[in-house]
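Chemist: Following this message is one structure expressed as structure tokens.
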Amino acid sequence: LQAMSGSEQDWLALRPQEPSPSQCCGGGCKPCIYDVYEKELAQWERAKAKQDKSLLMEKREQSCNSVLNPDTFTAFSVSSVEQLTEDTYQYKFELPGNSSLQLSLGQHIVLRGMVNGLEVQRAYTPISPGNAEGYFEVLIKCYEAGLMSQYIKTWKKGDMVFWRGPFGGFPYQPNKHGELLMLASGTGLAPMLPILQSITDDEEDETFVTLVGCFPTFDKIYLKPLLQDLARYWNIRIFYVLSQETSLEKLPQSYQENTYTGRLNEDLMKTLINSCRRRPFVLICGSSAFNEDMTRYLKAAGIEENSCFVF
């Protein structure tokens, strides 16, 4: 076998790496990481055919500007880390100048992490308003055995973290639905918050909202002060369903009348729907098991799939 020439080896080193399945977040992103790879591979093949490495440069320049982009990862600096519960953290990232992410409601962004030399990608929804200037915030639950969680737990102020996006989102329009019923489990609260904040910030938007937050215990409810503030608006109601609490007596008085113990089951779903002031359009976000259960209970309560949106 003829030894590879030095330049041949150089070109091989520049060849884009094919993504491994763990890198695809499965969120149906456009472009998906595989689309980005195809594009970069085609670019590499063109450059190699012409033996012109400068044709590879455009990709690099693009990722240096500090603007979020769906095709390339951009680095953002961690400006604060706040632990909310034993396993959930709120991370704040700096945006250059007074720029904002310009997300539409409920859109998610994709995080890239390196763990033991393996690249992993996961999707998260910022909880800060889409037009927040100079920063964005993300709510993340860390799992003991989670690959990405091991990486996230190392973050400290000043670290650079790579994101791309935005993707997905719920095409929310003010006053389009009489009432939104939001069913959120744990960090599934994230995509609901920007929508809630846009409704409370818009005096013309008279949409009623019933948010149902499902958590194991009272201590595990995230962002209580923010939720308490939102619940003061005339058109917002917030209920909690606490699967591991057995009695409401220990809860603060202000929580007792809007909290249920046990799981959100078919009967409780019917009760919640009957308490809505209008026929609701339903937003669902949680684990895949939670999303499936909720869709099933809604169907039993007579709410069809065209009146639901699952994040």
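Glycine is treated like the rest: Cβ placed from N, Cα and C.
Straight out of TrEMBL:
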DOMAIN    71-173  domain 'FAD-binding FR-type'
BINDING   R122, Y124, L139, K141, M148, S149  FAD binding site
Chemist: Within the domain 'FAD-binding FR-type' (71-173), how many residues are helix, strand or coil going by DSSP?
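Modeler: Residue counts in helix, strand and coil order: 6 helix, 48 strand, 49 coil.
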Chemist: Cβ neighbours within 10 Å, counted over all protein chains: which one of the binding-site residues L139, M148 has the most?
Modeler: L139
Chemist: What is the set of residues, excluding R122, Y124, L139, K141, M148, S149, whose C-beta falls within 8 angstroms of the centroid of the C-beta atoms at the FAD site?
Modeler: L111, V138, I140, C142, G146, I152, T187
Chemist: FAD site residues R122, Y124, L139, K141, M148, S149: biggest Cα-Cα distance, Å?
Modeler: 14
Chemist: Return the residues near Y124 (FAD binding site), defined as same-chain residues 6+ apart in sequence whose C-beta is under 8 angstroms from its C-beta, sorted by sequence, else 'none'.
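Modeler: Listed in sequence order, they are H108, I109, V110, L111, V138, L139, I140, A190.
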